[in-house]
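Step one of this worksheet: look at the structure below.
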Amino acid sequence: MASVKVAVRVRPLNRSCAPNILEFHRMPTEIALFLVATKIKKEGLWETGALKDKIPEGGSGDSGRERTKTFTYDFSFYSADTKSPDYVSQEMVFKTLGTDVVKSAFEGYNACVFAYGQTGSGKSYTMMGNSGDSGLIPRICEGLFSRISETTRWDEASFRTEVSYLEIYNERVRDLLRRKSSKTFNLRVREHPKEGPYVEDLSKHLVQNYGDVEELMDAGNINRTTAATGMNDVSSRSHAIFTIKFTQAKFDSEMPCETVSKIHLVDLAGSERADATGATGVRLKEGGNINKSLVTLGNVISALADLSQDAANPSAKKKQVFVPYRDSVLTWLLKDSLGGNSKTIMIATISPADVNYGETLSTLRYANRAKNIINKPTINEDANVKLIRELRAEIARLKTLLAQGNQIALLDSPTALSMEEKLQQNEARVQELTKEWTNKWNETQNILKTKMVIDRTFAMPPIG
């Protein structure tokens, strides 16, 4: 069991925004107004960071008073002023959050990172970054391959890494890495009974180094739907999910080990008000669909938070809670990441401008609910490898019993075989399964190498 980790990040003021009325302070003992606190003290992060809200002249509220609203999160990143001693860079965000994602992947866990906030609050910058100032997605990919290089240098393991990249535009799924064809747009979402939701016919691309990932990422970003609005010159008009499927195999003390991890890196489109963005026509329709899916995401977060609170209070009266995953494509695809088999991080991005007071407060409230969600991450182990491990444990148990001369333990066995025969059968089965697993992995690696040569021969041009 693991709760969703929540971070909040404050962007700089836009040139077009009104004066900043939100002030951040280090406060060792007191808490004022909007509080953004972190449980872990690290260099450049706040142990206690406060966001102070002054009511502007003519604003609502008692004259001369300051309203106080308190929120506590796992991490808080102040990125509004590069000259501030509290300033948190892209590198520091990665070291605080991204390194844990890489570690989880190598341990065999699924992981998810998503940025949530209003349009223009810095989600795409946090997740993708700019030229020369990479965000979490490229840094996580680079960190993953950096660790792969270190591991393979000592011939400790073999790895297989695939990536896919999709966008959800107007509630339709589009493949960002496929050549233009009828299969590029409006892909269908299905649900596997064990592996959960997936996108049918979504292309998966084998990668061997960070350069391969960067090439695909750039191609996908070119194809992504963006447009200028009144609040953002390059506003994301779709939700984008970059997925890494990471498989590692090795022998540990002559025991085969294979795990598969999925990492979902999500750049959400921003919630927006039509009057603030000046949206009309197509932009207005896009904004409506964006808001619809984000409202559903908020409903899912609230429902999961209620479920978690019920589980934490077994004596309290249980209420029936329905989690509306299927009310939007976004929440359906993120079903495992929210309340399921994943280690998940939510980054709430906010603006310090007074004109964004309402959206900032709404974002902080959503984030406050999300930290109550309890996920159930488990190590994703290959079924045959798991069987080999269980058989080896049984062999060790039988050998111990034989050494003790305890033949009585055989009575609870479903067969009438002697203990020695049972032991020999298990050892033979382990040897057979281990050989099959080794041959399968080697054959897969050879097929993938051939596939990579073919893929490079027919390199994908940008979608027109």
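In case you wondered, yes, glycine gets a Cβ from its N, Cα and C as well.
As annotated in TrEMBL, coiled coil covers the listed stretch 388-436 rather than the other ranges in 94-142, 290-338, 388-436. By a simple count of nearby Cβ atoms, those within 10 Å, the most crowded of the binding-site residues G117, G122 is G117.
Cβ contacts within 10 Å of T119 (ATP binding site), excluding its own Cβ and spanning all protein chains shown: 25. For the domain 'Kinesin motor' (3-373), the predicted model reports an average pLDDT of 77.
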